[in-house]
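Record features, source Swiss-Prot:
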{"type": "BINDING", "residues": "G152, V153, S154, R155, C156, G157, K158, T159", "note": "ADP binding site"}
Amino acid sequence: MKRTAFFISDGTGITAETLGQSLLAQFESIPFNKFTRPYIDSPDKARAMVQQINAAAERDGVRPIIFDTIVNQDIREILATSNGFMIDIFSSFLSPLEQELIAHSSYSVGKSHSIGGNSNYMERIEAVNFALDNDDGARTHYYDKADLILVGVSRCGKTPTCLYMAMQFGIRAANYPLTEDDMERLQLPAVLKKHHSKLFGLTIDPDRLTAIRHERKPNSRYSSFAQCEFEVREVESLFRRENIPNINSTHFSVEEISAKILVEKGVERRFK
């Protein structure tokens, strides 16, 4: 039976959605209709939200799951009148944390995502700009400033991984696509050799690579299974020969790939 889930917040909804998605992912056999509802920050909005929740309960014949990070007690009480199963994330964790720290929390809306006074903000922006400027081998003369350089065949997940690490952790990650010419030379490009300690390889199953490339250039040599299989085989051989740590990205999310890379390379996050 399909269930409905709401991620409700008086801020952006990022925290409610992130934690809620992580919890729901543990129930793979249950399909969910998921709805994010940010900025529920007034009684009128809360009452309208209750109507949405109750409508979903009537439609589904079972109460929706509600993940909320509402700070205002009055708004939480209005939401609690709905026909939903509420998981109040802040009250679940803040109260015991207040007891342990012997201190009261600020109960500030959107506190963790505030830009003002956040010393990490500029580092995040600089890291994202670095990832964009050094994407796809476009520039190589700034590799000495990189924390990491991801290498692999075209369309194996290098760019989104670099951008995720930049956004989440302030990591300056460049990426370089290994081409057929590199494979024929049976060695790393010279520009990568002098940065060997920063290299990390991404590989991918050929059939998955074929599907991804087909969306970009259908019915081309570039997206053919034979070409994809050849490139993956040669790049994996190069990784082994050059002793480059690597991971197969096929069955992992960007979050998982990033975490595994940082652990493997021992790179410290600039902020957490």
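Including glycine, each Cβ sits where the backbone N, Cα and C put it.
The shown structure was predicted, so the numbers you read here are calculated from the model rather than taken from an experiment.
Local packing around the binding-site residues R155, K158 was summarised as the count of other Cβ atoms within 10 Å of each Cβ; on this measure the leading residue is K158. On its own chain, C156 (ADP binding site) has L202, T203, I204, L209, S249 as residues at least 6 apart in sequence with a Cβ closer than 8 Å to its own Cβ.
Counting only same-chain residues six or more apart in sequence, the Cβ atoms lying under 8 angstroms from the Cβ of G152 (ADP binding site) belong to K158, N175, P177, L178, G201, L202, T203, I204, V235, N246. In the shown protein chains, 16 other C-beta atoms lie within 10 A of the C-beta of S154 (ADP binding site).
The Cβ of G157 (ADP binding site) has 24 other Cβ atoms within 10 Å, all protein chains considered.
One way to see the shell of the ADP site is to take the Cβ centroid of G152, V153, S154, R155, C156, G157, K158, T159; the remaining same-chain residues with a Cβ within 8 Å of it are N175, P177, L202, I204, S249. Summarising the environment of T159 (ADP binding site), the number of other Cβ atoms within 10 Å of its Cβ, over all protein chains shown, is 17.
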